[in-house]
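K.L.:
Below are the features listed in Swiss-Prot for this protein:
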COMPBIAS  115-124  compositional bias 'Acidic residues'
COMPBIAS  272-287  compositional bias 'Acidic residues'
COMPBIAS  365-383  compositional bias 'Basic residues'
DOMAIN    315-373  domain 'G-patch'
REGION    96-129  region 'Disordered'
REGION    262-288  region 'Disordered'
REGION    363-422  region 'Disordered'
REGION    494-514  region 'Disordered'
ZN_FING   171-197  zinc finger
Amino acid sequence: MEEESLAAALHTYRAQLEQVELSLRAGTDPTQLEDLTQLRNDLQQLIELTESSLLSVRKCKLLSSLEGSASLPAPEEPAAISSQDEEYEAFRRAIGEEPQPPGAGDGASTGSKDSEEEEEEEDGSSGMKVKAPYYSTWGTLEYHNAMVVGSEQLEDGEAGVRVLYLYPTHKAMKPCPFFLDGKCRFDDSCRFSHGQVVALAELQPFAEADVASLAVGSPCLAQHSDGIWYPARITDIKSGFYTVKFDSLLLKESVLEADSIIPPLRGSDSSSSDDDDDDEEEDDAAEDSGYARVLGAGSAGSAHSSQFGGWEAHTRGIGSKLLARMGYEIGKGLGRNAEGRVEPIQAVLLPKGKSLDQCIEMQQRKKAGGKREHKAGKRRPRATGRGGGTKSARNVFDFLNEKLEGRPSGAQPGESRRAAERKGKELYNASKDSKRALSVQVAVTAQRIQQKQREIGHLQEALARNVGRDSVVSNQLELRLSGARRELVMLQQEEHSLQREQRKADTHKKMTEF
């Protein structure tokens, strides 16, 4: 009875849907268009629900008939199967499906099973938390906590996964808010992360953030308002809230909860131990942390050639790959016959803003012992010669020079000469300042003359427009025009006088300097 009522209701709903679609195609009143569209959507949903209910009822009847046929004797089995087939075909016709051959149905079922298994595997890996590598733009390798969003293949066919980083420390690592919904319009040109494809072999176990180990003064990574995690230091802890001060001077101090703070990616370099065992443990931890170690000057010189390039295990290793393609064998020297150098070339830091010629000159000066001693050696004999000189005998010409120049009798001729040189330098500097001031005055006066000429041009145009119209306005314009012309004449005279002063100064310079 329930099956018949559902079938009748389904028939009624389909008839109503056809009427609504006919009304929409007929072009009804625009005010009723929205209501009809909503009614069509509701009827479609109602038909889908009724079909699913009818399908479940018929499945239950089919299962009950199968259970009943199992208890029947064996000779009557073909008749039971045929009746079941008839019911199944009637059921498929009722829901509007076409019957398929048995082989096709088996193939479809096996294909659907395989696809379901693949989907289950993808669903199993999706959402998994791991520790994934991240190669920064400056070439360093860091491991960050991440979440798997799907499985993909790398370019070389190797199995990989796409991950999104949970604690982004750069804008390029921050997940795009529209990527997971499939609404991002920028695709590869988006400035945010759409996930990074990582090989399965490069993944590491997820490391849970131990916030309990943080104390006042501990370094940490803190989440800013822009969603990026920046390096910071804890300054205060009070009732579950952490006050942090960011290392960047551009970011202000913030009060955050525990879920907005994590320990740094690698431990602080300041926390070290005096024991040798602790040092070895720290070295092992540094090797396992995924960061390249910086060797000191002493250790770099004693590094064995077989260990050279070992840091490339934590990077893409493009240098070693290029050398291997060119035929280089690890541990041997460079060159065709492996007779070249094995150790790396030491970098030489040159001063900024200096050319190679200047750097070579500086190195040669250092080797020669410097230039200052050479200059001092030159000055010494001159100073001794001046100090050891004897006072020349006075004559009548010295007496006349003293009286005419106003020089005291005890002053030496060399001292008067130096005083005259100082006075000449002061006069020369004063003349340079006065010349600069004259040049500035000439430029300002020329600019004022141009402004006054433009003003006279505007007044002449206004006067030409008002000819024969208003005598009062014309008289005012004529007065302003005559005043502007007088000011222009005065400015031109001032410019001529300044130019004369400039020429006089230039002539004086030519006459006094040889």
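Every residue, even glycine, has its Cβ placed from backbone N, Cα and C.
The structure displayed is predicted, hence computed values, not measured ones.
Situate these features within the shown structure.
P.N.:
As a summary of secondary structure, the zinc finger (171-197) carries 6 helix, 4 strand, 17 coil according to DSSP.
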K.L.:
Report, as numbers and ranges, which residues of the same chain sit near the zinc finger (171-197): CB under 8 Å and 6 or more residues beyond its ends.
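P.N.:
Residues 132, 134, 137, 144, 149-150, 152, 154, 160-165, 227-228 contact the zinc finger (171-197) from elsewhere in the chain.
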K.L.:
Report the mean pLDDT of the predicted model across the zinc finger (171-197), rounded to a whole number.
P.N.:
83
